[in-house]
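Q: Below is a structure I'd like to ask you about.
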Amino acid sequence: DANSFCQLPAVVGKCRGYFPRYYYNTEAGKCQQFIYGGCGGNRNNFETVEDCRATCHSH
């Protein structure tokens, strides 16, 4: 599955930045906002909800 990262949990990361981002929540079946610290994390991290939906909509 090319977009298997859509199933990964939201990861804030180790840095202390404040970046509102979106991730695909598999339990809710939709993209939701979380706060990203600015480093680390995984690919389930999108700048816009539109990008999140376009990438992970089929899960």
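Just so you know, glycine gets a Cβ as well, placed from its N, Cα and C.
Not measured: the values here are computed from a predicted model.
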Q: Going by the disulfide annotation in Swiss-Prot, which one of Cys6, Cys15 is bonded to Cys39?
A: Cys15
Q: Looking at the disulfide bonds in Swiss-Prot, identify which of Cys52, Cys56 pairs up with Cys31.
A: Cys52
Q: At the Cα level, what's the spacing in Å between Cys31 (disulfide bond) and Cys15 (disulfide bond), rounded?
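A: Answer for this pair: 23 Å between alpha carbons.
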Q: Take the Cβ of Cys39 (disulfide bond) and count every other Cβ within 10 Å, whichever protein chain it belongs to.
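A: Looking across every protein chain shown, the total is 11.
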Q: How would DSSP class Cys31 (disulfide bond) in three states?
A: strand
Q: Rank the disulfide-bonded residues Cys15, Cys31, Cys56 by how many other Cβ atoms lie within 10 Å of each Cβ and give me the one with the fewest.
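A: Looking at the disulfide-bonded residues Cys15, Cys31, Cys56, the Cβ with the fewest others within 10 Å is that of Cys15.
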Q: For Cys15 (disulfide bond) and Cys6 (disulfide bond), determine the Cα separation and express it in whole Å.
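A: About 22 Å separate the Cα atoms of these two residues.
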